[in-house]
Amino acid sequence: MKPAYFISDLHLSEKQPELTALLLRFLRSSAAGQARAIYILGDLFDFWVGDDEVSELNTSVAREIRKLSDKGVAVFFVRGNRDFLIGQDFCRQAGMTLLPDYSVLDLFGCKTLICHGDTLCTDDRAYQRFRKIVHRKRLQKLFLMLPLKWRTRLATKIRRVSKMEKQVKPADIMDVNAAFTARQVRAFGAERLIHGHTHREHIHHENGFTRIVLGDWHNDYASILRVDGDGAVFVPLEKY
């Protein structure tokens, strides 16, 4: 049976065209063209200020994803903490299906819960408070009414502050809370969890379920999770 592929945390930006080139190479590969489905679990872009922003980066990525979709490859997207404002307009342009924060898939007989992963980091209370605020629909609507330049400046400032705060935060609170994560997996009746966000690529075998953490992408290394009837394995992008 055709495999499914999972990626997250590419953090694409015009400042790092090498990362965009890596993604486009994968999307154009025969492996992607023959996939059962491709799941992008958030932070595809380093930041997103609205579907009305038109750039060479956004357009080229949407165009290549659309080509896969037109070939019959299902492409799914879960919003991340950097690109949570991606909406239906961009997803339609790219031929992607927008998924909610949590979804359960039947992958080759294994009930699999997928999410970006930021909601699992409950020990980072400051971030969770911030997340709750910026996910308010009314606030998002007001933000998207601002001129594009204002939105970009505000997003850049918030990103700068977030980066500074991250440097002084204890590493453990930026990882998932084990107890909360286990409860979520049980609540959804899943046997496996796949998420990104923490950038700590690993396959964990925990009490009663498998937790797979996707890695972030770098110019010199990127990996893709391949899932098929034989299980799940990380494959270096260079193999494609």
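Here the Cβ of each residue, glycine as well, is placed from N, Cα and C on the backbone.
What Swiss-Prot records for the Mn(2+) 1 site is D9, H11, D43, and among H195, H199, H202 the residue it adds there is H199.
The Mn(2+) 2 site recorded in Swiss-Prot includes D43, N81, H197, and the single candidate from H116, H218 that the record places there is H116. Of all the binding-site residues listed (D9, D43, D124), D43 sits in the most crowded Cβ setting, with the most other Cβ atoms within 10 Å. The separation of H199 (Mn(2+) 1 binding site) from S162 (substrate binding site), Cα to Cα, is 16 Å. When the binding-site residues D43, H116, H197, H199 are compared by Cα distance to R82 (substrate binding site), the shortest distance belongs to D43. The subset of binding-site residues (D9, D43, D124, K166, K169) lying with their Cα within 10 Å of the Cα of H197 (Mn(2+) 2 binding site) consists of D9, D43, given in sequence order. Between the CA atoms of N81 (Mn(2+) 2 binding site) and K166 (substrate binding site) there is a gap of 14 Å. Residues D43, N81, H116, H197 make up the record's Mn(2+) 2 site, and a Cβ search at 8 Å around their centroid adds S8, D9, L41, G42, R79, G80, R82, G117, D118, G196 from the same chain.
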